[in-house]
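Everything below concerns the one structure shown next.
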Amino acid sequence: MLPNPSQKYAAFAPIQLPDRQWPDKTLTHAPRWLSTDLRDGNQALAEPMDIPRKLRFWEQLLKCGFKEIEVAFPSASETDFQFVRQLIEEQRIPDDVTIQVLTQARSDLIERTFAALDGVKSATVHLYNATAPLFRRLVFRQSQDDIIQLAVSATRQIRALCEANPNTQWRYEYSPETFCFTEPEFALQICEAVADVWEPSAARPMIINLPATVEVNTPNVYADQIEYFCRHFTRRHDVCISVHPHNDRGSGVASAELALLAGADRVEGCLFGNGERTGNVCLVTLAMNLYSQGIAPQLDFSDMKQVVERVEQCNQLPVHPRHPYAGKLAFTAFSGSHQDAIKKGFHAREQADSPRWEMPYLPVDPEDIGCSYEAVIRVNSQSGKSGAAWMLEQNHGLVLPRALQQDFSRHVQAKTDREGNEMTLSALWQLYRELYGPYPLAPRQLLDYRSESQADGELQLSARVQTAEGIVTLQGKGNGLLSAAAAAIASRFKMRLAIEDYHEHTLGRCSESRSAAYIRCSFKQGVSRWGTGIDNDVSRASLQALLNALPDGDAG
Ligand SMILES: CC(=O)SCCNC(=O)CCNC(=O)[C@H](O)C(C)(C)COP(=O)(O)OP(=O)(O)OC[C@H]1O[C@@H](n2cnc3c(N)ncnc32)[C@H](O)[C@@H]1OP(=O)(O)O
Ligand SMILES: CC(C)C(=O)C(=O)O
């Protein structure tokens, strides 16, 4: 890279709009959406879609609820032409959906475009020509007047062809391509000239689409350009203002959102941001951003995983795992403090009587878009106690006491640090069972027990335990079941132990639910250990937890 890039790259001059209004606006409703996956997205693929792929994508777009879909550049290829024919001839276009097709301002291409549309109920014909100084100079080698003439005469031809086919409800869209680096006055001038030919009205709908063909500045500058255009365009109230942001600077979504604040009515883009170079603006992100603010986006992504799969198949491109809302990792927390906050959030939600979503780190409820909570927390060496505890709670119903969470976390941390990878749920459960031994892996298995109250108020316990060496009988006395069991173990195995902590809960909500018990014992060396017992009977669960807390070598 250059030490002084200013010699090569000139800063883009922003528009002067000191009385801009858009910063004080907020988004309150969904815009009109146009999916250009089958046109702008398609033209950016190494292998453009064939008709079966296009049809699968088309069906998906209908399922998501798109009412305006740019389906092709019919004069570009036989595939695109035939695709449009097929949609029309097989009557695949629902009455409330309008297809859109793109054409250059070239007479033969316009003729071919109309041939493709023959017999369609309603359609938008979309004309573009580049208007920026660089393109005028380099690509077209034409003056401003020539460029206006190109757009105007193509519009005349399109109007005539529309009028010659009155059975179709026509809409017209004009794009001064490269709008975002066209002089604002010239963009206005050419759009005024085109609109003068089309004469937009409710009966003659027109869309002026103002693309950020290549992002060349920060989104606020694009918003200024859109506001300037909306304020000065004489037929503003007769046209729909559309935006078409690309993502060269990675700010396509912000550009679209600020452009909507600045007065745009409609957004063109692609699912998951496919499109030329770094892509068109991602319509999924835009829609879900609205949704997360309580605004119905008028698009349906209730089964996001299915949408991702279909789009990946059709585009033959992966959706990034960190793609907002849709990536495989979009709702996953590996790090300890995030997991802790999410776990607390879910617990608070269980108690809350409001439907309001208040969840640390998760801007929307994954369930709303068909995702389970399973992937929300995953455990590796960056995780803390809450992650592993959450996974055991969600999948095995164990609600570990805080001190046990801390104890288990130390073991998980040591293992993930040593092995350097993620711990799956089954690896986590296996480690838990090895450490704290819940049924059926326990090395000392309680077979049966009897307890009797004594005249002195104490309890006499007799318990049979299966060990590796055979059946052992334990006998002891104490002021409760556990103290009697501790005394029995101490006497049978000649060890000192004290019960330091005890917790229990039912697994599940019904009366037949099993119980889980957690016990921490300390031993003579000042070492303490946890054990877990699970049983239909809470006393058996407690006794088993105590047996599971014993160190391996000392008792058995
Ligand atoms: C920003 C965008 O996404 S715009 C859409 C871009 N999409 C595509 O280009 C995909 C489909 N395109 C195609 O299949 C082909 O380009 C076609 C069929 C449209 C035209 O093909 P060709 O006739 O071979 O021309 P080519 O592809 O080289 O296009 C460049 C020519 O078109 C002219 N041109 C470019 N855009 C336009 C336009 N909007 N209106 C009129 N002429 C234009 C150029 O000035 C150039 O003319 P020249 O050859 O006289 O110098
Ligand atoms: C044709 C226009 C709208 C376009 O695709 C662009 O400018 O990116």
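Heads up, the Cβ atoms here are built off N, Cα and C, so glycines get one too.
Those TrEMBL annotations? Automatic predictions, nothing curated.
As recorded in TrEMBL, the features of this protein are as follows:
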- Asp40, His244, His246, Asn280: Mg(2+) binding site (BINDING)
- 31-305: domain 'Pyruvate carboxyltransferase' (DOMAIN)
- 439-556: region 'Regulatory domain' (REGION)
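Listed in sequence order, the residues Thr36, Pro211, Ala212, Thr213, Pro245, Gly252, Glu268, Gly269, Cys270, Gly275, Glu276, Gly279, Val281 complete the 8 Å Cβ shell around the Mg(2+) site centroid, once Asp40, His244, His246, Asn280 themselves are left out. For the recorded site, His244 (Mg(2+) binding site), the DSSP three-state label reads strand. Around the Cβ of Asn280 (Mg(2+) binding site), 31 further Cβ atoms fall within 10 Å across all displayed protein chains.
Across the region 'Regulatory domain' (439-556), DSSP helix (H, G, I), strand (E, B) and coil residues number 25 helix, 56 strand, 37 coil.
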